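First up is the structure itself, then whatever we jot down about it.
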Amino acid sequence: MKKTALPSLFALHIAVFLFGAAGVLGKLLAVSALLLVFGRTLFAALCLLLVLAYQRQLHFRDVSKSIVACGLLLAIHWLTFFASLNFAPVAFGLMGFASFPLFVALLEPWFFKEARKAHDAWAALFVVIGMVVMVSATSWGDGAVYALGLGILSGFSFALLAMMNRWQGAQMPPFKQACLQNGVATILLLPFVLVTGDLVGKSMQTWSGLILLGVVFTALSHGLFMFSLSKLSTSFASIMTSLEPVYGMLLAYLLLQETPGMHELSGAFIILAATAYASYQHQQH
């Protein structure tokens, strides 16, 4: 891996850590998936809007059809993932989302007309195996099937979003992309939030949590992830993103006193090994 890619790799790991922390914070807030996603996109967009306005970089002509499509994919990705948490333990949604690297490994070569990389496909496969091991000791039911299905849809939509972000990365600064995409997602979700009445009766503590979720765990993480795609392939970034449940499990242990069992630890080890293998292969190439 070239030295010029090291800042992108560092930014990617910070983004993934913040992704994992967002799940823990979302669980602590205990609000609907719709309000959770609306709040994080709203405050992320407002935060980035202030930054871009100060830098005089934001122009409404930048809102293209591809930006609108990315905003829609972003909303679908987060809604399906957080909705999956309503049907079963977090692990099932995460296992579905772990299909994300596989989707990228299959679609990215076709999308960008690039040669397929066998080591990325193998690493993606072992990420999925690691997630299966993590949830293998959990009892299955109808709720688990729904959660898994929503998780897979979340992974597929995020794979499409990541590839579109890589394509747009050569045309637009990452934080401008993040601002516009979160803004579009907010506008798309607003009618549903108004109809359901989710905005009514929320405490100051809840709004403070949503602001924190939007500014730090969405605006910053989203921008850093897009920045990483300027130097790293989507396949490699997707494999590194599979560390999200590992970081999330560590934070859940520290903050929520959720102690992982042997299956969770074994699955986490497989995921860590897969990401280490992918990193080594990219250093060699």
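Glycine is treated like the rest: Cβ placed from N, Cα and C.
Note that the structure is a prediction, hence the values are computed from the model and not measured.
Annotation comment: TrEMBL describes 9-135, 148-277 as domain 'EamA'. According to TrEMBL, the feature transmembrane segment maps to 33-54, 66-85, 91-112, 121-140, 146-167, 179-201, 207-229, 236-256, 262-280.
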### Query
Who are the chain neighbours of the transmembrane segment (236-256) in space, where the CB to CB distance is under 8 Å and they lie at least 6 residues beyond its ends?
9, 12-13, 16-17, 19-21, 23-24, 27-28, 90-91, 94, 97-98, 100-101, 104-105, 120, 123-124, 127, 130-131, 134, 159, 162, 225, 228-229, 264, 268, 271-272, 274-275, 278-279, 282
### Task
Determine whether the transmembrane segment (179-201) and the transmembrane segment (91-112) share at least three Cβ pairs under 8 Å, counting only pairs 6 or more apart in sequence.
no
### Query
What parts of the chain pack near the transmembrane segment (91-112), using Cβ distances under 8 Å and only residues at least 6 beyond its ends?
81, 84-85, 120-121, 123-125, 127-128, 130-132, 134-135, 138, 144, 147-156, 158-160, 162-163, 166-167, 233-235, 238-239, 241-242, 244-245, 248, 264
### Winner by Cβ pairs under 8 Å against the transmembrane segment (33-54), considering only 66-85, 146-167, 207-229, 262-280
207-229
## Note on the structure
Taking every residue in the domain 'EamA' (148-277), the average pLDDT works out to 82
### Query
What stretch in 66-85, 207-229, 262-280 has the biggest tally of Cβ pairs under 8 Å against the transmembrane segment (146-167)?
66-85
### Query
Within the domain 'EamA' (148-277), how many residues are helix, strand or coil going by DSSP?
107 helix, 0 strand, 23 coil
